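K.L.:
So Swiss-Prot has the following annotated:
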BINDING   GLY9, ALA10, GLY11, LEU12, ALA13, GLY14  FAD binding site
Amino acid sequence: MEKSVNVIGAGLAGSEATWQLVKRGIKVDLYEMRPVKQTPAHHTDKFAELVCTNSLRANGLTNAVGVIKEEMRILDSIIIESADKASVPAGGALAVDRHEFSGYITEKVKNHPLVTVHTEEVTSIPDGPTIIATGPLTSPALAEEIKQLTGEDYLYFYDAAAPIIEKDSIDMDKVYLKSRYDKGEAAYLNCPMSEEEFKTFYEALVTAETAALKEFEKEVFFEGCMPIEVMAKRGIKTMLFGPLKPVGLEDPKTGKRPYAVLQLRQDDAAGTLYNMVGFQTHLKWGEQKRVFGLIPGLENAEIVRYGVMHRNTFINSPTVLEPTYQLKTRDDLFFAGQMTGVEGYVESAASGLAAGINAANFVQEKETIVFPAESAIGSLAHYITSASKKSFQPMNVNFGLFPELPSKIRAKQERNEKLAERALDAIKKVAEQV
C-alpha cells in the first residue's frame with residue numbers, strides 16, 4: 001500500500017514538512033484553507049506567505065539564527081532554498097522579495113507529483129499519519145479539536161511574554177541569589193533598586209514608546225497578563241505591590257530591604273537564560289533595551305527574546321510533545337511551526353523540517369530522530385519539550401539554548417563560532433542518516 005501523510009496548513013512549517021516528505025517518496029495530502037477561508041493576517045493564496053517582515057534575520061554563523069539556516073541548507077530545506085533565490089540586499093541579514101519567495105515554494109510544492117492539495121478548512125483531526133502546522137492563527141474549530149486532544153489546559157492563547165536575558169550578560173556583582181522569605185532553595189537572581197533608581201526607571205517606563213498593534217490582535221490585547229507599562233501608569237507605587245515587591249528579599253550584602261526588587265527566574269534547564277518575572281511588555285524592542293538597562297545589574301543585558309504581546313495559539317509542548325515533534329499520546333500525530341512554541345519564520349520552518357523527516361521515518365517504519373541538542377534545530381526541539389510546563393512561552397533560537405562548550409570561552413564572537421562549528425558538525429552526521 002502506498003504510504004501517505006496528511007499535512008494541515010501550507011505555511012512555512014507545513015510547506016517545509018511536505019517537501020521533506022515528498023523528497024523521501026511519501027505521498028502528501030496537503031490541506032490549506034486559504035483563499036476559501038482567509039485569516040485576519042494573510043493577504044494571498046500562496047504557500048509560506050510571510051505575513052509580517054520580509055526578513056529571515058541574520059545570516060552569519062556568529063548568530064544562532066544564521067546557524068539554523070545553514071543547518072537547514074545542509075538538510076535541503078525548500079524554505080531556505082527559496083529565500084536564497086529570492087534574496088534582496090539587507091546587510092548581514094537574509095531578506096527576501098516576499099512574492100518571489102512564496103511564489104517559488106507554491107509552485108514547487110503544488111506541482112510535485114506526490115502532492116495533492118485540498119483547498120478547504122480542516123475542522124477535525126484526520127486519522128492516520130498527520131502533521132498539524134496551522135500556525136498562530138489556527139481556525140477556532142480546529143483549535144477546539146486540538147484542545148480536546150491535548151487536554152483542556154494545554155492550548156494557550158496568550159497575549160504577553162516577558163523578556164529573556166542571557167545570564168552571562170548580567171552584572172553578578174550587583175545582583176544576589178535569593179527566594180522570597182528564603183523559602184526553598186535560592187532560586188531567583190534579584191536586582192535591587194534604591195528609591196532614586198526606581199524613580200528613574202519608573203519615569204523612563206511610563207514615557208517609553210509601545211509597539212503598534214495589528215488590527216487583528218486588538219481584541220485580545222488585555223485578556224491575559226497586564227503589560228508592565230500599563231501597570232506602571234496606574235500609579236508610581238503599583239509595581240511595588242506587584243512584580244517589584246521588595247518584602248522578604250533583603251539584600252544579604254547590607255541586611256536591608258531594598259526600595260524595589262526585580263526578580264529574574266531561570267528559564268532553561270542549563271541555567272543560561274533568565275526571564276524578568278512579571279515583566280510582560282509591549283514596548284518597542286529598542287525601548288526595552290534602553291528602559292530595562294536602567295535596572296541595576298542589567299546595564300549590559302543581552303536580551304535573547306524581547307517581551308512581546310500578540311495573539312498566539314500554541315500547545316504546552318513540554319507536557320504533550322516528544323522532541324521528535326510527535327504527540328506523546330498518539331505517535332502518528334506530529335505538530336510543527338508556531339503552534340509548538342517555536343517563535344519566528346525560520347524556527348517554524350526548521351520545526352517543519354524535523355517533523356517532516358520524522359513523519360517520513362515513521363511511515364517507513366524507521367526510527368524517528370531526536371536531533372542532537374548541540375545543533376540549532378535540536379536545541380530548539382529540546383527547549384520546547386523540556387522547558388517549564390507551568391510558564392512555557394514561545395522561543396526564538398539563540399545560543400543560550402545550546403549546551404555549554406566543554407571549556408569556557410569569554411570572548412563572545414569566538415564562543416559563538418565554536419558553538420556554530422559544533423552545531424554544523426552534529427547536523428552533518430544527521431544528514432548522513434536521513
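Sequential numbering from 1, following the chain as shown.
Placement of Cβ uses the backbone N, Cα and C atoms for every residue, glycine included.
Each of these features: where is it, how hidden is it, and who are its neighbours?
P.N.:
For ALA10 (FAD binding site), the same-chain residues that are 6 or more apart in sequence and have a Cβ closer than 8 Å to its Cβ are THR18, LEU30, TYR31, GLU32, ARG34, PHE47, ALA48, VAL109, VAL117. Under the three-state DSSP scheme, ALA10 (FAD binding site) falls in the coil class.
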K.L.:
If the FAD site is taken as the center of the Cβ atoms of GLY9, ALA10, GLY11, LEU12, ALA13, GLY14, which further residues of that chain fall within 8 Å of it by their Cβ?
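P.N.:
In sequence order, the nearby non-listed residues are VAL7, SER15, GLU16, ALA17, PHE47, ALA48, ALA133, THR134, GLY135, ALA336, GLY337, SER348, GLY352.
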K.L.:
With an 8 Å cut-off on Cβ-Cβ distance and a minimum sequence separation of at least 6, pull the same-chain contacts of GLY14 (FAD binding site), or say none.
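P.N.:
In sequence order, VAL7, ILE8, LEU30, GLU32, PHE47, ILE131, ALA133, THR134, ALA336, GLY337, GLY352 meet the Cβ cut-off.
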K.L.:
Please report the number of other Cβ atoms within 10 Å of the Cβ of GLY11 (FAD binding site).
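P.N.:
A 10 Å sphere around the Cβ of GLY11 (FAD binding site) contains 29 other Cβ atoms.
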K.L.:
Within a 10 Å radius around the Cβ, which one of these binding-site residues has the most neighbouring Cβ atoms: LEU12, ALA13?
P.N.:
ALA13
